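Have a look at the structure below before the remarks.
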Amino acid sequence: MAAAFEVQSDWAKKDEGEAWLSCHPPGKPSLYGSLTCQGIGLDGIPEVTASEGFIVNEISKKSIHISCPKESASSKFLAPYTTFSRIHTKSITCLDISSGGGLGVSSSTDGTMKIWQASNGELRRVLEGHVFDVNCCTFFPSGLVVLSGGMDAQLKIWSAEDASCVVTFKGHKGGILDTAIVDRGRNVVSGSRDGTARLWDCGRSACLGVLADCGSSINGVAVGAADNSINLGSPEQMPSEREVGTEAKMLLLAREDKKLQCLGLQSRQPVFLFIGSDAFNCCTFLSGFLLLAGTQDGNIYQLDVRSPGAPVQVIHRSGAPVLSLLSFRDGFIASQGDGSCFIVQQDLDYVTELTGADCDPVYKVATWEKQIYTCCRDGLVRRYQLSDL
């Protein structure tokens, strides 16, 4: 992984004056510099120069591309297009955007879960019914229904239209930390602090089975379609006719005991067990055989399900916990506990940094077309426009 760049979080607001800048090549001393803004040009674009050792390659109103020739490294920094500060009053732990891009849902340590207009952050609905904090919330593919999991060990399904809770699933004995929706959403998966992952039937609000019981908190879950070269095993019993869309799918579990577990969703048979450097916080599939998982000590493991013994690569930018991973275009977006949030794309030789969070953890990232939304401990939802690049 190339050198990581950092820039002052409010760099884009500096019409005059300086913003600090640094480059951290792996295993070498960091390089420090500054950006100086001489004012705004007639086209509304700031006129910025970099101190010795750094070059400003390109600049627009919301983005700046900087390189450090000595390390032959470069990064593009993108400032938020808009910031929503009125949705919640405290740290925002999770968010998602509906499939049509019109609505957002988020949960916060202020004890609330809310639905809001994605374009302007205007409040539409408050989803009330969980006891204690809500840990995760996500839209079903329809965009009209929300799935949430809470510290009350309950999983709930809500109407985004009238905020009614239509289904409550009970069965976990510890807080629910993450969920995944199978196909169009007749079935859903949950991972809990009680060490189990469960499969649920939404139509009958019933548990279809315990998929895994690993004796360690399950921090993240992901479901993905498996490449047909992967042997998922066969179920020991005939699957229930209430199981819909589980065949040829893999289930990935990011565990607190430093293990990343993959199994056949329908077969419940093991595919692999990988041991990492620290607790796994999050995981996602990139394709039918490639996946990513992030740890508490800042490692992002890329694994190939066909040969999971050794990682394809390990990306380590800082020791801050990796909090979310999301497949994006031909790459991914990651966020960490030090406020960094970045996009890695295969065809680009630079990383795009989403700026604005100043050392506050960015807990979750969601995308819709060319827009990226993040939620942060500072209580803000930030929306970035990739067209600003």
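The backbone N, Cα and C atoms fix where each Cβ goes, glycine too.
Helix, strand and coil content of the repeat 'WD' (85-126), in residues and according to DSSP, is 0 helix, 21 strand, 21 coil. The repeat 'WD' annotation in TrEMBL covers 85-126 (among others).
The residues of the repeat 'WD' (127-168), classed with DSSP into helix (H, G, I), strand (E, B) and coil, number 0 helix, 21 strand, 21 coil. Annotation source TrEMBL lists repeat 'WD' at 127-168 (among others).
What TrEMBL records for 169-201 (among others) is repeat 'WD'. Nonlocal intrachain contacts for the repeat 'WD' (169-201), taken as residues 6+ away from its ends with a CB within less than 8 angstroms of a stretch CB, comprise 132, 135-136, 138, 140-142, 145, 147-156, 207-223, 240, 242-246, 249, 251, 253-254, 265, 282.
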Helix-strand-coil residue split for the repeat 'WD' (169-201), DSSP-based: 0 helix, 20 strand, 13 coil
Intrachain residues whose Cβ lies under 8 Å of the repeat 'WD' (127-168), provided they are six or more past its termini: 93-100, 102-103, 105-107, 109, 111-115, 174-179, 181, 184-185, 188, 190, 192, 194, 200, 202, 205
